[in-house]
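These come from TrEMBL:
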BINDING   75, 157, 161  divalent metal cation binding site
């Protein structure tokens, strides 16, 4: 009788351990799905902000030391391409990120198109990144970072510059789009 009870206890412990480990084992796929969903929504929101500013407002700077509205967008696109092509993807980016800073004379429609391409390239890089590489360290100017941290940095940087662009809209008397979250 004692052996049977001991086996039942061991079986229950095994079930609890396996059951408790399943969510941990499922994390990379769950993480990827969450990040992709958030990236798509952040991209849609950013593109709405970009489209709301009229062509005449793309050169607007609130103060001389700040980037213009278009420079905010080009800088965001450049950063996405740099981080995702240098650290997440082996695919060739749709254009050279370094050249974006020299494209300041482009019209609104072309800037929006470049921003859209950069967002899509970064999204594809995240989607195609193998789960096993999420915790892989890469050389970065701020010290070694995981690819997961690079993804977070891309999102944070996009949010930072989109927020500045939203302030530019407000300063021009334009109501920004409704926030798109998760």
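Cβ coordinates come from backbone N, Cα and C, glycine included.
All annotation found in TrEMBL is predicted automatically rather than curated by experts.
Within its own chain, residue 161 (divalent metal cation binding site) has 72, 73, 75, 76, 79 as residues 6 or more apart in sequence whose C-beta sits under 8 angstroms from its own. Apart from 75, 157, 161, the residues listed for divalent metal cation, the same chain places the Cβ atoms of 72, 76, 79, 158, 160, 162 within 8 Å of the centroid of those Cβ atoms. According to DSSP, residue 161 (divalent metal cation binding site) sits within a helical segment. Residues within less than 8 Å, Cβ to Cβ, of residue 157 (divalent metal cation binding site) and separated from it by at least 6 positions along the same chain comprise 76, 79, 80, 83.
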